[in-house]
Amino acid sequence: MPMAVTINTLREYKQKGEAFAALTSYDATFAHAVSSAGVDVILIGDSLGMVLQGHDSTLPVTMEQMVYHTRAVAKGNQGALVVADMPFMSYGTTEQALNNAAELMRAGAQMVKLEGTDWMTDTISALSQRGVPVCAHLGLTPQFVNKFGGYKVQGRDEHHAEQMIEHACLLERAGADVIVLECVPAPLAARITQAVKAPVIGIGAGADTDGQVLVVHDMLGLTPGRPPRFVKNFLAESDSVQDAIKAYVDAVRRRQFPAEEHSFQA
Ligand SMILES: Nc1nc(=O)c2c([nH]1)NC[C@@H]1CN(c3ccc(C(=O)N[C@@H](CCC(=O)O)C(=O)O)cc3)CN21
Ligand SMILES: CC(C)C(=O)C(=O)O
Ligand SMILES: [Mg+2]
């Protein structure tokens, strides 16, 4: 078995300019499939509120549910880096964030992900200083859907673009080890990726981020309805789920995915 992926593995990929692949998993079977197909990062996403529970947002997801799924994923994982989403309002204060991040780490997470901007710097510092690796999620942060008024591309005008670059730098300085950029114009994602030393993982953020992530059910064509622009069905041209996941990893490493058709322009 290949050596387990750590935060240093992702930093090396960035230094070498080698793109890496991430996927969500919510259970042991998917975690096993994804990690044994060469995916470097598994995300236990709060998207499970939509994908598994059928809600129309991620807001109803609880800490108890995230802990349950994190335990299951940790059992099936074959050496990928395990990142768990902190659910809506589980990091409303720094004290809450420390307690809830500790629970996720005890359940088998190796890093926690938080959605937000400059207001999170103290919380990220506190987690980082106490040994909890942090991923900061910027751009379309689904926990803010009610503030955004929908799932809309973020950072389209130059003012908001510059603000997002500043936020990425602030969060990195606070201790963020990885940054996720969701639904931002490809040129802005490229600027942010260059501006920070931390590995940047994109979803709907173009081909120039350090890594890519998708919801695994989306890339297998299982999600009902019209998929977002950034989704590609990799099962359509594969003979099995395992082959589809391998095709995704291969396409990401070769920077063949995402193509223009999966990206947003300014
Ligand atoms: N199955 C699934 N996949 C995801 O990627 C995902 C979830 N669930 N749940 C949480 C969030 C919600 N996400 C979404 C949902 C919809 C769009 C969407 O419809 N985007 C439009 C862009 C609209 C615009 O141009 O501003 C699109 O056409 O892609 C994007 C991200 C991403 N996350
Ligand atoms: C789509 C990724 C980035 C996520 O946050 C999730 O699956 O919840
Ligand atoms: Mg999420």
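Note: Cβ is positioned from N, Cα and C throughout, glycine not excepted.
Going by TrEMBL, these are the annotated features:
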- D46, S47, D85, K113: 3-methyl-2-oxobutanoate binding site (BINDING)
- D46, D85, E115: Mg(2+) binding site (BINDING)
- E182: active site, proton acceptor (ACT_SITE)
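Cα separation, D85 (3-methyl-2-oxobutanoate binding site) to E115 (Mg(2+) binding site), rounded: 9 Å. Comparing K113 (3-methyl-2-oxobutanoate binding site) with E182 (active site, proton acceptor), their Cα atoms are 13 Å apart once rounded. One way to see the shell of the 3-methyl-2-oxobutanoate site is to take the Cβ centroid of D46, S47, D85, K113; the remaining same-chain residues with a Cβ within 8 Å of it are L43, I44, G45, L48, T58, V61, M66, A84, M86, P87, H137, P142. If you take the Cα of E115 (Mg(2+) binding site) and the Cα of E182 (active site, proton acceptor), they are about 10 angstrom apart, rounded to a whole number.
Only S47, of the binding-site residues D46, S47, D85, K113, E115, place a Cβ under 6 Å from an atom of ligand 1.
Taking a Cβ cut-off of under 6 Å from any atom of ligand 2, the binding-site residues S47, D85, E115 reduce to S47, D85. Screening the recorded positions D46, E115, E182 for a C-beta under 6 A from any atom of ligand 3 leaves D46. Taking Cβ-Cβ distances under 8 Å and a sequence separation of 6 or more, the neighbours of D46 (3-methyl-2-oxobutanoate binding site) in its chain are T58, V61, M66, D85, P87, F88, P142, Q143.
Recorded residues E182 (active site, proton acceptor) and S47 (3-methyl-2-oxobutanoate binding site) have their alpha carbons 13 Å apart, per Cα-Cα distance. Cβ environment of S47 (3-methyl-2-oxobutanoate binding site): T24, T58, D85, P142, V215 lie under 8 Å away, each six or more residues apart in the same chain.
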